[in-house]
Amino acid sequence: ILKTLNSWFWWENIWMPINCTWADFVDREGLVFPKPHELYATIPYAFVLLIIRFFIERYVAIPLAKALGIKNVRRVKPQPNPVLESYFRECSKHPSQSEIQGLAKKCNCTVRLVEKWFRRRRNLEIPTVLRKFQEAFWRFSFYLASSIAGFIVLYDKPWLYDIWQTWVGYPFQTLLPSQYWFYMAEISFYWSLLFTLGIDNKRKASGPHVIHHLLAVGLMSASWCGNYVRLGMLVIFVHDVADFWLEAAKMFNYARWEKTCNMLFIIFSIAFFITRIILFPCWILRGTLYQPTYYSTTPVIAYFLFNGLLLILQCLHLYWGYLIFKILKRFIFFK
């Protein structure tokens with residue numbers, strides 16, 4: 001069954017134009033192609049990034065947070081109590097007054113002590129400001145480094161200025177070493193975010209974040225297999241150039257530098273609307289939906305797969321754009 005599924009998954013009609021086979025994607029003089037098995041390396045690379053993240057958060061983010069006036073608040077742990085711990089995990093973190101009285105009788109203690117235990121236990125679930133700052137600093141560091149690296153890799157490439165160039169010579173476009181490492185780093189980063197979902201700060205919009213991370217890994221991996229690397233790099237670059245402004249705004253928000261935070265958030269909002277609401281649909285989606293029809297009269301299955309995922313991504317952009325607009329509205333009109 002697995003062998004049959006594997007043959008279906010790698011069927012040429014899914015990934016490449018007519019009259020092309022996987023045999024055509026063998027490296028030869030002057031041409032190097034992305035290889036699907038190279039994606040396995042992103043898993044160990046993700047753990048390398050987690051190690052780098054540990055050192056950056058511990059030895060760079062913490063001293064910087066202290067310099068900005070953020071203190072490490074130590075929360076008081078409640079006394080170990082198996083009965084209350086079991087109720088907290090399995091039943092409710094906010095028990096009613098009658099439930100508290102029942103638990104007090106069961107534990108042979110006062111109602112006040114039970115209320116105090118639950119209050120302290122709930123506080124342990126809330127990440128400290130320092131912890132939030134550390135996570136924001138790591139994301140800021142990666143997105144900034146990725147934006148700089150993306151610009152260095154792309155600035156002299158013709159397809160940055162002319163989206164038509166992403167299809168010239170397709171599918172026989174050679175893979176550059178800079179493109180290889182850029183892709184490996186990006187896919188590994190989103191794997192690392194998925195690996196740490198359970199320990200990172202809980203977000204109100206955690207569902208869309210999970211969908212976004214899975215979409216990112218899926219899109220980048222699939223574009224690697226189909227040698228859509230040129231377009232893939234443009235998609236990544238358009239996203240990362242706005243994200244580090246948001247993480248910088250968060251960092252100064254945690255430090256209570258309100259004016260700096262507000263200024264950075266406005267810059268992020270402008271960058272977000274330009275890149276995600278204007279450039280992405282009018283430039284990237286134009287290059288994936290419209291232009292391929294000029295190079296092939298029979299679009300492959302991957303055409304519908306990629307564009308479907310990119311349209312889902314655009315829906316997430318519109319959702320986040322709506323949230324950003326609400327924040328800007330409150331900021332401008334209600335201070």
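Positions of Cβ are set from backbone N, Cα and C atoms, glycine also.
Here is what TrEMBL records for this protein:
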DNA_BIND  86-123  DNA-binding region
DOMAIN    84-122  domain 'Homeobox'
DOMAIN    131-333  domain 'TLC'
TRANSMEM  39-56  transmembrane segment
TRANSMEM  136-155  transmembrane segment
TRANSMEM  180-199  transmembrane segment
TRANSMEM  260-280  transmembrane segment
TRANSMEM  300-325  transmembrane segment
Can the transmembrane segment (180-199) be said to touch the transmembrane segment (39-56) if we require at least 3 CB pairs below 8 Å and skip pairs under 6 apart in sequence?
yes
Which bits of the chain, at least 6 residues beyond where the transmembrane segment (39-56) starts or stops, bring a Cβ under 8 A of a Cβ in it?
137-138, 141-142, 184-185, 187-189, 191-192, 195-196, 221, 224-225
With DSSP as the reference, give the number of residues of the DNA-binding region (86-123) in helix, strand and coil.
29 helix, 0 strand, 9 coil
